[in-house]
């Protein structure tokens, strides 16, 4: 039996792959095993079990089996709860015969140590709550005896475990349980060893795939427009900035800086009213727009991000409400046409909404 155990252990070690032998931390597994169960110290005596019983061969080697449920706390420590059928051992004599059988529920700590990426050695230490049953038949007298006993015995095991895949593993296990049964009740108090080959399925071993990060939203290009009155920026019919106009542009520059205009573009649009020739008004609107650009560049706006454009008399705000058609305008008409004399600053690529300065 020892040669068989060594051969199986070597065979398992030869199947090394990259799978992990130990389950992931804080996961559960379940399995079953089948193997050879052997009883030791099987002398029968006491409480009606006379010396003549079992005067023939005692079949100490029997088929054993079991099932288990385990919890893997970490790579090195797990806990197992299992059921073992230790086998039915008949003892046969020429006249007297009988049988002894045992089964139990075990609870043990499993201590593992990896010797390869896919192979662990381990020991299990714990106890077994067992039930032992026996019966005897006396051919000469026709007497039949049967009884059972229960108790707790220490349990120890050693083994190797090999990971077939992430979820499946197999193990070779050699287990020892001492003093099963009370001799005064069931006529024997044997020890038991079981060499078994088991297979287990481990839950929760698949790698958790993190969801793909949501794509960054596409930048929203927006256009913000600021309108400054030309009468605040310039004297009538002039393109040189007044002190009051510079103060208004200082306020505007503060807001443009907070908006980070490097990420966008700035267009300064100059407008005039309809008083005067088209050619003159076009030139005046260009000069006024350029004056604003030059001042903002001097404050720190990159020159390649800002441009000037003269719009002349285009896009009049007042329309026909002021009654001016051509020629010399009255003072009242000049005052009425003031909204047409303006500078508009168009900022593209800036999403934040800001409040335009008051002129």
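The backbone N, Cα and C atoms fix where each Cβ goes, and this holds for glycine too.
Swiss-Prot tags one of the stretches 92-100, 119-127, 128-136 as transmembrane segment, and that stretch is 119-127.
In the predicted model, residues of the domain 'OmpA-like' (221-351) average a pLDDT of 84. Residue 80 (site 'Part of salt bridge gating mechanism') falls within a strand when secondary structure is assigned with DSSP.
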